[in-house]
Amino acid sequence: MTLKEALGKVVGRRDLTREEMTRIMGLMLAGEASPAQVGALATALKMKGETEDEILGAAEAMRACAAKLSPRADVVLDTCGTGGDGAHTFNISTAVAFVAAGAGVTVAKHGNRAVSSRCGSADVLAALGVSMERPHERVARDIDEHGVGFLFAPSHHGALRHVAQARRDMGFHSVFNLLGPLTNPAGARYQLLGTFDGKRVEQTARVLGRLGSRRAWVVHGHDGLDEISPCSATQVAELREDGTVHTFTVSPQDAGLDVVPREAIAGGDAEENAQRLRALLDGERSGLRTAVLLNAAAALVVVGLAADLRDGVRKAEQAIDSGAARNKLSALIEGGLS
């Protein structure tokens with residue numbers, strides 16, 4: 001199938017097969033599509049509505065192009081979400097990565113610089129002193145030796161440069177926004193994945209299962225957050241080890257936590273968020289701590305280190321208050337200096 005044939009099919013509101021989408025995405029990532037073609041296809045897919053097979057095929061093509069790592073650990077967690085919820089909150093999933101690592105989880109945090117917010121995971125980590133120029137073998141050592149590593153998306157997904165201009169020109173969410181959490185270069189098979197689109201929660205969990213993930217929670221707050229919201233109930237699609245997907249809702253109260261106001265988790269620029277992340281890992285009590293405890297608890301449930309959210313909160317609190325989570329951040333910073 002050619003790009004023109006694919007575009008004609010999608011414009012006619014016909015779905016691409018998994019194999020067709022893999023081929024077309026492969027052509028785009030190889031630089032064989034013009035920005036106009038990339039933008040037209042992404043727009044047509046969005047207007048039609050991307051199917052499970054189309055997202056799966058696109059993710060498989062992107063995984064095939066990635067610079068991969070192979071951590072020694074069997075259980076590896078990613079907390080990467082789609083971003084793009086427009087809420088401009090603090091980097092909750094980034095903080096969760098260090099808390100989970102402090103609790104004993106091996107974490108391969110996939111992330112990028114900000115797209116729609118003021119500060120993405122790469123921005124806050126760079127402000128903290130984590131190098132974005134780490135060689136891949138150094139990142140692999142971070143994961144194996146320290147239990148946490150940061151996989152800077154542009155370093156591992158260089159082929160995305162071929163679609164970058166079209167994505168900037170489009171200015172809206174497209175299939176590309178869905179792919180980051182589905183294409184962890186370390187092959188993490190356990191995930192806490194927040195999505196900006198509540199309609200995609202169950203679909204995304206099914207795609208993860210077909211991609212080989214073992215367990216995952218895909219979450220979307222009823223208030224629109226692409227996290228487990230500390231401010232409201234949250235929709236969850238849980239991928240279980242048998243491949244089944246179960247949906248339910250959770251609330252802060254389920255974890256023994258109080259609801260916090262949205263302003264408690266508002267984000268700032270990279271320097272401000274870096275200061276707040278340090279304070280959080282130093283044990284500061286705040287609404288932000290509540291948000292991180294709630295999401296870290298879910299991460300611990302996903303990997304099997306916590307029986308339920310309340311148990312997860314207790315273990316996340318211990319990881320922070322013992323200094324273990326802070327030590328994980330310090331190790332990542334110091335590792336980039338060696």
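Any Cβ shown, glycine's included, is placed from N, Cα and C.
As recorded in Swiss-Prot, the features of this protein are as follows:
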BINDING   GLY81, 84-85, THR89, 91-94, 109-117, SER121  5-phospho-alpha-D-ribose 1-diphosphate binding site
BINDING   GLY81, ASN112  anthranilate 1 binding site
BINDING   SER93, GLU227  Mg(2+) 1 binding site
BINDING   ARG167  anthranilate 2 binding site
BINDING   ASP226, GLU227  Mg(2+) 2 binding site
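Separation of the C-alpha atoms of ASN112 (anthranilate 1 binding site) and SER93 (5-phospho-alpha-D-ribose 1-diphosphate binding site): 12 Å, rounded to the nearest whole number. It is HIS110 that, of the binding-site residues HIS110, ARG113, ARG167, has its Cβ surrounded by the most other Cβ atoms within 10 Å.
Between the C-alpha atoms of THR89 (5-phospho-alpha-D-ribose 1-diphosphate binding site) and ARG167 (anthranilate 2 binding site), the distance comes to 23 Å. A count of other CB atoms within 10 A of each Cβ picks out GLU227 as the most crowded of the binding-site residues ASP226, GLU227.
In the three-state DSSP scheme, HIS110 (5-phospho-alpha-D-ribose 1-diphosphate binding site) falls into the strand class. Counting Cβ atoms from all protein chains shown, ASN112 (anthranilate 1 binding site) has 20 others lying within 10 Å of its own Cβ.
Within 10 Å (C-alpha to C-alpha) of GLY81 (5-phospho-alpha-D-ribose 1-diphosphate binding site) lie the following binding-site residues from ARG167, ASP226, GLU227: ASP226, GLU227. Closest to GLU227 (Mg(2+) 1 binding site) by Cα-Cα distance, out of the binding-site residues SER93, HIS110, ARG113, is SER93. In this structure the alpha carbons, written CA, of ASP226 (Mg(2+) 2 binding site) and ARG167 (anthranilate 2 binding site) are 20 Å apart.
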